[in-house]
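Undergrad: Below you'll find the structure I mean.
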Amino acid sequence: MDTNNNIEKEILALIKQKVSPIEYENCLSQLKYNPNASKSDIAFFYAPNMLLCNWITAKHGALLKEILSQNKVGMHLAHSVDVRIEVAPKIQISAQPNINYKAVKTSVKDSYTFENFVVGSCNNTVYEIAKKVAQSDTPPYNPVLFYGGTGLGKTHILNAIGNHALEKHKKVVLVTSEDFLTDFLKHLDNQTMDSFKKKYRHCDFFLLDDAQFLQGKPKLEEEFFHTFNELHANSKQIVLISDRSPKNIAGLEDRLKSRFEWGITAKVMPPDLETKLSIVKQKCQLNKITLPEEVMEYIAQHISDNIRQMEGAIIKISVNANLMNAPIDLNLAKTVLEDLQKDHAEGSSLENILLAVAQSLNLKSSEIKISSRQKNVALARKLVVYFARLYTPNPTLSLAQFLDLKDHSSISKMYSSVKKMLEEEKSPFVLSLREEIKNRLNELNDKKTAFHSSE
């Protein structure tokens, strides 16, 4: 082994003793010593990308300086050593694979664009991040992870990024984690992993839907880990979609959770009434269906689960009107949509309510069951009380015991507090939270119903 490699190994060994295993494995282990630029009073290092370069300089620059000032590690260094970290020069890839990215099986859907994405207060941040990512020649944030409940437009925004990138003649791969797994297993069985790696690692935009389903599959996680690292090191844009934040993806390897949070994460909130009405109008236009204004308003007000349900309601009204040879009016809409208006959250268990609130606020259920002064935990406990009073027959005493409350009168105060935020203050955050929690409750209860019906 040459002297420079020995020096680098010595430096990394000293760093490893001073930082946590996760920080070392995910970040600091990627430092490369640059002997050509280093001098007696300055030690130069390479980091694989600007994000790591800035992060290590800000968080561990002083530590590196201290280590090198106190340990000579084979270098002729002065007593006081400065440390510089730069982005490593890109390695030219000699032979690019000849892949038709637009012909990949899991390709981008042409119908999902930025132009037909309805923007509201619930998703404006996500929309702006997505547009910036799609329009930039180099990744402004990497990776990007959007998360939120089902049917809120996450897949639409992912495809919109892909479509815009394709217009700029970029190489785009858009795939669900399920299809990524299927493709991985196929190439593994056929012993053609080189082809698999070329397909997914030599693109400009790697867009992954349903990232949460990577968890619990060690071989797939290992392959994705290396795919992610190579794409990131080569400044290729990575965008991930998930139904929950990285820290709440149970069973996902810590090193992947860490990488998912390297760039920027943004939550897609349920649409408010104004946005829902805009979505209903747009879906009518896309499906070439004409509905009276009052019917569109009725759908926006009463079909609150998700965007797909709103579109389903529009089509259901139109189909029934044609079959019955009847004009579309409010009475017809009410009759046709009666089953969709039923609140599936009725009869929820306290455990499901606790889980739905925890998922919506990115908390653990165990955190909510213990009294805390943290604002998000206090709000979560109030929301559990609010939904329990709405949807369960549990008496105040059992609810107080469930949340470990000594004073049973606190239940009424907590319920009234949420009601005030919703009805008097009309807090946009709490209003959107209510919709998201209801959506999650519906999903949890529907799963329970499906399970019992299959027994």
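If you go along the chain as it appears here, the first residue is 1 and each next one adds 1.
Glycine is no exception: its Cβ is also placed from the backbone N, Cα and C atoms.
In case it helps, Swiss-Prot gives these features for our protein:
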| type | residues | note |
| --- | --- | --- |
| BINDING | G151, G153, K154, T155 | ATP binding site |
| REGION | 1-75 | region 'Domain I, interacts with DnaA modulators' |
| REGION | 75-106 | region 'Domain II' |
| REGION | 107-321 | region 'Domain III, AAA+ region' |
| REGION | 322-455 | region 'Domain IV, binds dsDNA' |
Undergrad: With every protein chain in view, how many other Cβ atoms are within 10 Å of the Cβ of G153 (ATP binding site)?
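TA: So the Cβ neighbour count for G153 (ATP binding site) comes to 26.
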Undergrad: Take the mean position of the Cβ atoms of G151, G153, K154, T155, the recorded ATP site. Which other residues of that chain put their Cβ within 8 Å of it?
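TA: Result: G148, T150, L152, H156, I157, I241, V268, N306, I307.
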Undergrad: So if I draw a 10 Å sphere around the Cβ of G151 (ATP binding site), how many other Cβ atoms end up inside it?
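TA: So the number of other Cβ atoms within 10 Å of G151 (ATP binding site) is 19.
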Undergrad: Which residue counts does DSSP yield for the region 'Domain IV, binds dsDNA' (322-455) in the helix, strand and coil classes, in that order?
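TA: Tallied per class, the region 'Domain IV, binds dsDNA' (322-455) gives 93 helix, 0 strand, 41 coil.
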